[in-house]
Amino acid sequence: MNFVDKFRWIEVLFLLSVSFVAGLPSGYVFSIPVKLFFSFSIFGIFLYISSNKEVYFSNNFIILSLAFLWFLLVYLLIGYLRFGVYSLKECELILITFVLYSMVYLLLSNVFGMRFFITLVEISITVVFLVKLAALLYVYKHPGVDSMIEFFIKYFNTKVVTMKFLFGLYRINFPADILPAFFPWILAWYLRNKLYSMNKIDFIVLFFSIFIVLLGFSRYLILVFTLGLIYLLKVSGINWKIFGIIFLAFFVVFRKFIVDFIKLRFFSGAVKASDAIRFKQTPALVKLFLKKPLIGYGIGAFSFEYVRSRSMCFSYEEQILTFFVKFGTLGMFFLLTVVLFIFAIFISRKDYTAVSIFFLFIVAGWFNPYLYSSSVFLIYVFIALMVNNENFHVGEIHAV
């Protein structure tokens with residue numbers, strides 16, 4: 001079997017590997033380290049294709065990657081002097097995200113094409129949907145918040161943010177929720193740039209995304225998804241009158257659920273409790289930053305006055321604020337330069353859809369620690385595709 005004959009099998013393995021890494025709530029299923037297995041699978045595919053086809057590394061990619069790795073090494077050494085193993089743990093998370101992003105981005109840009117990315121995202125969202133559906137079915141047989149916690153510990157060796165809310169439903173929130181929240185924006189960008197035409201599968205996955213985001217019960221993700229859906233309707237050319245009638249009918253039928261959901265998520269006592277946690281973090285992190293504002297404390301740094309997670313002390317909801325603590329003014333200047341450079345590229349092309357997407361993603365770091373995890377690397381891949389889309393082939397999935 002030659003390389004071309006094997007390529008279809010490689011596509012399937014690549015799709016499954018990326019989707020399970022991006023969509024699963026943890027690295028384990030039945031105590032088996034499946035994310036590790038699929039990550040090595042992606043690495044193997046990258047090596048195999050590289051040995052049979054030249055993979056092009058642009059100068060910008062090489063320069064930025066080397067600069068980032070050097071930056072990471074410096075702040076790892078600074079952090080390790082005081083925070084030891086925690087700096088290694090956080091650096092591991094960052095490196096995993098970076099390596100996954102790099103391999104998937106290079107394979108898409110050199111081999112599979114930009115349209116293949118939509119397929120990756122849709123299968124990943126389907127994985128998230130199936131996990132949440134399975135959790136609800138489990139709790140239906142064994143009612144109670146404790147059963148929801150038990151489900152994820154038993155099958156995924158992890159805990160998720162959960163609570164019981166309206167109509168017997170349960171909140172199920174984990175990092176992979178960010179992908180379905182951005183799915184309407186991803187479709188809108190492809191449509192806006194005439195790179196894609198929507199089909200029935202896209203609408204099915206949009207339904208999955210609504211289900212996931214609502215159960216995630218995150219104000220930030222609900223806002224991102226809602227804005228994206230409105231914008232998608234605008235760029236897709238759907239008749240607004242027909243949509244308005246459908247929405248009005250939907251609201252009339254489910255008005256009690258919708259009104260109660262909005263009250264509970266945005267105006268209840270639970271909101272004050274959630275915000276109070278963030279308000280406690282702010283002074284502790286600001287105080288730590290002011291003690292060492294120039295260089296920072298390095299990767300793994302955390303406040304001994306306020307620890308949010310015993311297993312990952314360096315993790316806080318206000319992730320961007322922790323960056324000031326870790327990297328100081330000098331490090332933040334480097335990161336801000338990269339961010340502004342990307343914004344400048346989008347603005348120079350008048351690609352305001354990309355500007356909106358990038359802004360909304362960066363803002364995520366003020367509310368939750370989304371900016372590096374094995375579930376978020378596909379967002380970085382998408383940002384890289386938007387930055388470099390003029391240099392890529394756009395064609396259908398194809399054999400090389």
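Each Cβ is built from the backbone N, Cα and C atoms, and glycine gets one as well.
Remember, TrEMBL labels are computer predictions, not curated facts.
If you check TrEMBL, you get these features:
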TRANSMEM  7-24  transmembrane segment
TRANSMEM  30-49  transmembrane segment
TRANSMEM  61-81  transmembrane segment
TRANSMEM  93-113  transmembrane segment
TRANSMEM  120-140  transmembrane segment
TRANSMEM  172-191  transmembrane segment
TRANSMEM  203-232  transmembrane segment
TRANSMEM  238-258  transmembrane segment
TRANSMEM  327-346  transmembrane segment
TRANSMEM  358-383  transmembrane segment
- Query: Cβ pairs under 8 Å with the transmembrane segment (7-24): which stretch of 120-140, 172-191, 327-346, 358-383 has the most?
  - Reply: 120-140
- Message: Cβ pairs under 8 Å only, please: of the recorded stretches 61-81, 93-113, 120-140, 203-232, 327-346, which one is richest in them relative to the transmembrane segment (358-383)?
- Response: 93-113
- Please figure out which one of 120-140, 203-232, 327-346 racks up the most CB pairs under 8 Å against the transmembrane segment (61-81). 327-346
